[in-house]
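According to TrEMBL:
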TRANSMEM  12-36  transmembrane segment
TRANSMEM  48-72  transmembrane segment
TRANSMEM  93-112  transmembrane segment
TRANSMEM  124-146  transmembrane segment
DOMAIN    132-220  domain 'CAAX prenyl protease 2/Lysostaphin resistance protein A-like'
TRANSMEM  158-178  transmembrane segment
TRANSMEM  184-201  transmembrane segment
TRANSMEM  213-234  transmembrane segment
Amino acid sequence: MRLKNAVAKIELYGWRAIKLCLMLGLIELPQFALSLPKLLLKYVNGPIVYILTWMIFIGGYVAVTFILFTYLQRRHPERKIIWRPKGKEINTIIIGFIVLMSAKMIIGSFMTQQTANDAAIEKLFKISVNTSFVMFFMTAIAAPVVEELVFRGFLMDYFFTDQPIFAILLSGLIFGSIHSSTNFISWLMYVVMGIILAATYNKEKNLAANISLHFLNNLLPSIVFLLSSLHQMLK
């Protein structure tokens, strides 16, 4: 009987791991649109290339968000994804943001250069004016939504549901590992960010609050990258 239960549990978590991998692949698909201008300009000229890029990019993220949102709403209809902010939740976002910024400053003080993830994002911002705005939409708006739906909404409600500490650590580890890192310190920074976001979700069980916190974290760097790239390309 014990062996049968153990096998059943392994099969269950194996299937859940496959679902998680599929979702991780799903959130990467819309980024395919970033390579379209370079490919299509060989065959098509004019604004149609950039219109297609935006349509595929935004359409992809809308589709991914809809799939994840629908899945989570069916699984946990009581969880808040769209909500009217209340005082307590706003306080949680503010405190979470302060903790996030403090952690980034402390860990960042041990770094001698920009993280590989930020360097890659900044490089993409500078491809063209059109790509700059596409990247701003992705980093400031789309990424906080889909990443919170996957790493908090799905992952934390699917693995170690009765062991929140393990769920928080797993969420942070996977979140940190999907962001490009070339050294331990930069990897640790993203892991700690993931753990803080996961702890916030574990406390409030409110995806909208998490998305807002993630949005605030991404907004300022996205604005800096956008203005810097536009200044270089338009001067």
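Here the Cβ of each residue, glycine as well, is placed from N, Cα and C on the backbone.
Bear in mind that TrEMBL entries carry predicted annotations, made automatically and left uncurated.
Take the transmembrane segment (124-146) and the stretches 48-72, 93-112, 213-234: counting Cβ pairs under 8 Å, 213-234 has the most. Only residues 6 or more beyond the boundaries of the transmembrane segment (93-112), in the same chain, are considered here, and those with a CB under 8 A from a CB of the stretch are 85, 185-186, 188-189, 192-193, 196-197, 200, 209, 212-213, 216-217. Confidence for the domain 'CAAX prenyl protease 2/Lysostaphin resistance protein A-like' (132-220), expressed as mean pLDDT, is 87. Residues 13, 16, 19-20, 24, 147, 151-152, 187-199, 202 of the same chain lie 6 or more positions beyond the ends of the transmembrane segment (158-178) yet place their CB under 8 Å from a CB of it. Away from its own ends, the transmembrane segment (184-201) comes close to residues 92, 96, 99-100, 103-104, 107-108, 110-111, 115-117, 148, 151-153, 156, 167-169, 171-177, 207, 209-210, 213-214, 217 of its chain (Cβ-Cβ under 8 Å, at least six residues beyond either end).
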